[in-house]
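Chemist: The structure is given below, and queries will be raised subsequently.
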Amino acid sequence: MTVAIGRSDSERGWFDVLDDWLKRDRFVFLGWSGLLLLPCAYLAVGAWFTGTTFVTSWYTHGLASSYLEGCNFLTAAVSTPANSMGHSILFVWGPEAQGDFTRWCQIGGLWTFTALHGALGLIGFTLRQFEIARLIGLRPYNAIAFSGPIAVFVSVFLLYPLGQAGWFFAPSFGVAAIFRFLLFFQGFHNWTLNPFHMMGVAGVLGAALLCAIHGATVENTLFEDGDGSNTFPAFNPTQAEETYSMVTANRFWSQIFGVAFSNKRWLHFFMLFVPVTGLWMSAIGVVGLGVNLRAYDFVSQEIRAAEDPEFETFYTKNLLLNEGIRAWMAVQDQPHENFVFSEEVLPRGNAL
């Protein structure tokens, strides 16, 4: 006797029909996650192209920022809203723009549109990895790994400005604009000396080193199992045997370092752990800066350097440079504040 478990076609509702259609096997998988990913990614990318092509930053930053004004790919940007907008979501129909699309673009509405849809698109991409992994019986480590970039994006573009006075202090979406934000972070937060930044650098550069070492080691130990000039055509995706010698790789690195991974599972988990942990540490550090937490202020060196003109360290020299960044950037970056600094307050010292 055969027992059928499930519901008959007559009991299937619209949700079941939609679920089947979304999860149908097609060239590009759609899925429930696609309902979030595809429209949000399309709108975020479209808004960025629109802003960098046509929209000025004159009303928000006093800058030219579009191809229409003469910028190139490196200098164009979708700039953050005006400082006076605070943390407003800036809906087109909101009290700021009042349904005027041109005014909405002028006050920085495209930035909030791009940032929020971009964040939702990234989250949708992670959910897509979860969904496909679940359907084909994989573990969800790809989605877990992608949580690192999401954490960095959300912390830098959303959480940091939420802790500050407004969206104005977030990075604008552009290459040179990101560079300016890095200088801002250093000058106002001494970011390079922050331990969370150090862990982030160690994670990202360490991951690059691990990736290079791993790729080179596998290439070095490929089995010569083909007749061609190289071993690439000899590989078959369905072959049962190994394509490189783990034993040889282990012996090589044991001679180099004295220790080596003998377990492929630990090796690849370590390659996952290093960059993802580094990105998460960076994200945590940025959230801390959002609420103006300080890290590594060596006050004793500052006091001694102030009292003894012959005593200076790389730390005190960097502090002078940070003071210069703050003094000169504030005038340029916030022209609406009409800052005026007299010559006496500008930083002086051997560092300059």
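Quick reminder: no glycine exception, Cβ is built from N, Cα and C everywhere.
So Swiss-Prot has the following annotated:
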BINDING   His117  chlorophyll a ChlzD2 binding site
BINDING   Gln129, Asn142  pheophytin a binding site
BINDING   His197  chlorophyll a PD2 binding site
BINDING   His214, His268  Fe cation binding site
BINDING   His214, Phe261  plastoquinone binding site
TRANSMEM  40-60  transmembrane segment
TRANSMEM  124-140  transmembrane segment
TRANSMEM  152-165  transmembrane segment
TRANSMEM  207-227  transmembrane segment
TRANSMEM  278-294  transmembrane segment
Chemist: Fewest neighbouring Cβ atoms within 10 Å: which of the binding-site residues His197, His214?
Modeler: His214
Chemist: Would you please pick out, from the binding-site residues Gln129, Asn142, the one with the fewest other Cβ atoms within 10 Å of its Cβ?
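Modeler: Among the binding-site residues Gln129, Asn142, the lowest count of other Cβ atoms within 10 Å belongs to Asn142.
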Chemist: Out of His117, His197, His214, Phe261, His268, the binding-site residues in the record, which is closest to Asn142 (pheophytin a binding site) when you go by Cα distance?
Modeler: His268
Chemist: Which entry in the list of binding-site residues, His117, His268, has its Cβ near the fewest other Cβ atoms, using 10 Å as the limit?
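Modeler: The binding-site residues His117, His268 were compared, and His268 has the fewest Cβ atoms within 10 Å.
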Chemist: Per DSSP, to which secondary structure element type does His268 (Fe cation binding site) belong, with helix, strand and coil as the options?
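Modeler: SS state of His268 (Fe cation binding site) = helix.
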Chemist: Name, in the order they occur in the sequence, the residues of the same chain whose CB lies under 8 A from the CB of Phe261 (plastoquinone binding site) and which sit 6 or more residues away.
Modeler: Asn250, Trp253, Leu267, Phe270
Chemist: When the Cα of His268 (Fe cation binding site) is compared with the Cα of each of the binding-site residues His117, Gln129, His197, which one is closest?
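Modeler: Spatially nearest to His268 (Fe cation binding site) by Cα position is Gln129.
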Chemist: Going along the chain, which residues at least six beyond the ends of the transmembrane segment (152-165) come within the CB cut-off of under 8 Å?
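Modeler: Residues 80, 83, 86-87, 115-116, 118-119, 122, 171, 279, 282-284, 286-287, 289-292 contact the transmembrane segment (152-165) from elsewhere in the chain.
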